[in-house]
Amino acid sequence: MAIPKAHYSLAVLVLLFVVVSSSQKVCNPECKAKEPFHCDNTHAFNRTGFPRNFTFGAATSAYQIEGAAHRALNGWDYFTHRYPEKVPDRSSGDLACDSYDLYKDDVKLLKRMNVQAYRLSIAWSRVLPKGRLTGGVDENGITYYNNLINELKANGIEPYVTIFHWDVPQTLEDEYGGFLSTRIVEDYTNYAELLFQRFGDRVKFWITLNQPFSLATKGYGDGSYPPGRCTGCELGGDSGVEPYTVAHNQLLAHAKTVSLYRKRYQKFQGGKIGTTLIGRWFAPLNEFSELDKAAAKRAFDFFVGWFLDPLVYGKYPTIMREMVGDRLPEFTPEQSALVKGSLDFLGLNYYVTQYATDAPPPTQLNAITDARVTLGFYRNGVPIGVVAPSFVYYPPGFRQILNYIKDNYKNPLTYITENGVADLDLGNVTLATALADNGRIQNHCSHLSCLKCAMKDGCNVAGYFAWSLMDNYEFGNGYTLRFGMNWVNFTNPADRKEKASGKWFSKFLAK
């Protein structure tokens, strides 16, 4: 009989991990094993190499583009104003791209790019100022999103809606600590149901969470994101416990919401619901070291498996349960059944692959270091891939992680909900330089070629969303990193200009 993949021994899992890591090393538009993996001719490589029903889109999120006008405070508002030093340029999303007023201009950019879909998020505090239904619904916020969704549909663009993209209403943080409390599960589910009721007749793709790993580790592991909690942080915290609590409550909120949608709305609204996870891949620093091979596997389990294992198998990875012990919450049998299989599709945000090497036990308990792995982008001074201002990117890792998920997580229907690269802007970049973003063209083209290869390998991928539609507020980096295919003047956000990458993507999709 076949052994369920969830029950494989650690040794077999490590072997599978290394086999995937050492194969599919090269990607190009023809999927042939030759260097370089990047696209030599971006004019020849276009969407015709993908299935006709494959979805191409662009992505943003509410806090990063809308501005704070006409909505109640969320955690990012409070955090950036109380701790401006946490952001390099001491900025906030108070104005950002002013998409609250300029949403029609946003749709024009999407239309010009020839995309079929737009991934956006709803600002929880814009529709529920008090964070919960009993505090009342802001009908102006509902109207804003109705107008945006209707504008998208009128232009033939399918909305993919993220319900929660890290912007917890500040009232819920103040009242009970946000995702530290199980109380948020009910409030989140009620909020999600409001969205299903008001927008579900037109929205057919729902994403419950964006990268729950990031909220847990950055918000509660090192305090670099709201609410700024960690061991030793001004606001207090416990980096060895709270990230696991927050992750657990996010999973329960997701699962309860999916159950509700499936029972009450899916049949007559005809939509799908899933979630988006961080899609980071890892390679052993020393490919001949068994310790480093195991470290790469642990890194995946602590970054991705932390959430994907419960969603597919109903429990946390074995290695996490062994290493974290009673600091890792347990699912009750009922919770396990609720979480298991709570995906119509998987959203994956892929940006980087890192080298992993075995590390000694940390001196202080922290979810960020519990895996006992040291990560980096260089081996003997040589970068793993292409050096960019924001990080080092490695497109073949894209193919590798998709194959690993195919082989170990039942090959779920998958959408690449984010992929891209940033340019650094410290206020000294000319407009001409900003618009000539040929490096971004190379980034997207090379990743798309590797994605095409992964699909030929049998990976069940149905869509790709470029991050981002336009330059925006990049959370902990403020306005110093620009990921957009369209340039934005942040002192006058109505001033937007198409970058070379935007023109390239438009041509890529026009074929």
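Heads up, the Cβ atoms here are built off N, Cα and C, so glycines get one too.
Among the features that Swiss-Prot reports, signal peptide is placed at 1-23.
A helical conformation is recorded for Cys450 (disulfide bond) in the three-state DSSP classification. Among the features that Swiss-Prot reports, disulfide bond is placed at Cys31-Cys450 (among others).
DSSP assigns Cys445 (disulfide bond) to a helix. The Cβ neighbour count for Cys445 (disulfide bond), using a 10 Å radius over every protein chain in view, is 24. Annotation comment: Swiss-Prot describes Cys39-Cys445 (among others) as disulfide bond, evidence class similarity to another entry.
Long-range Cβ proximity for Asn46 (N-linked glycosylation site), meaning a same-chain Cβ under 8 A and a gap of 6 or more residues, is found for Lys507, Phe508, Leu509, Ala510, Lys511. Annotation source Swiss-Prot lists N-linked glycosylation site at Asn46 (among others).
Here Swiss-Prot flags Asn53 (among others) as N-linked glycosylation site, drawing on sequence analysis. Following the DSSP three-state reduction, the secondary structure of Asn53 (N-linked glycosylation site) is coil.
Swiss-Prot lists Gln64, His165, Asn210, Gln211, Tyr351, Glu418, Trp467, Glu474, Phe475, Phe483 with the feature beta-D-glucoside binding site. In sequence order, Gly279, Arg280, Phe391, Tyr393, Glu418, Asn419, Gly420, Val421 are the residues of the chain that are 6 or more apart from Tyr351 (beta-D-glucoside binding site) and have a CB within less than 8 Å of its CB.
What Swiss-Prot lists as disulfide bond is Cys230-Cys233 (among others), and the listing cites similarity to another entry. Cys233 (disulfide bond) is surrounded by 16 other CB atoms, counting those within 10 A of its CB over all protein chains shown.
In the three-state DSSP assignment, the secondary structure recorded for Glu418 (active site, nucleophile) is strand. A sphere of 10 angstroms centred on the C-beta of Glu418 (active site, nucleophile) encloses 25 other C-beta atoms. Marked as active site, nucleophile by Swiss-Prot on the basis of sequence analysis: Glu418.
Summarising the annotation, Swiss-Prot assigns N-linked glycosylation site to Asn428 (among others). The Cβ of Asn428 (N-linked glycosylation site) has 7 other Cβ atoms within 10 Å, all protein chains considered.
Around the Cβ of Asn489 (N-linked glycosylation site), the same chain contributes Asp495, Arg496, each under 8 angstroms and 6 or more positions distant in sequence. Under the DSSP three-state reduction, Asn489 (N-linked glycosylation site) is assigned to coil, being neither helix nor strand. The N-linked glycosylation site annotation in Swiss-Prot covers Asn489 (among others).
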Simplified to three states, DSSP reports Asn210 (beta-D-glucoside binding site) as strand
Where Cys445 (disulfide bond) and Trp467 (beta-D-glucoside binding site) are concerned, what is their Cα separation in Å, rounded? 13
Counting other C-beta atoms within 10 angstroms, the emptiest spot among the recorded positions Asn53, Gln64, Asn210 is Asn53
Please identify, among the recorded positions Cys233, Trp467, Phe475, the one with the smallest Cα-Cα distance to Cys450 (disulfide bond). Trp467
Distance [Cα-Cα, Å, rounded] between Gln64 (beta-D-glucoside binding site) and Asn428 (N-linked glycosylation site): 22
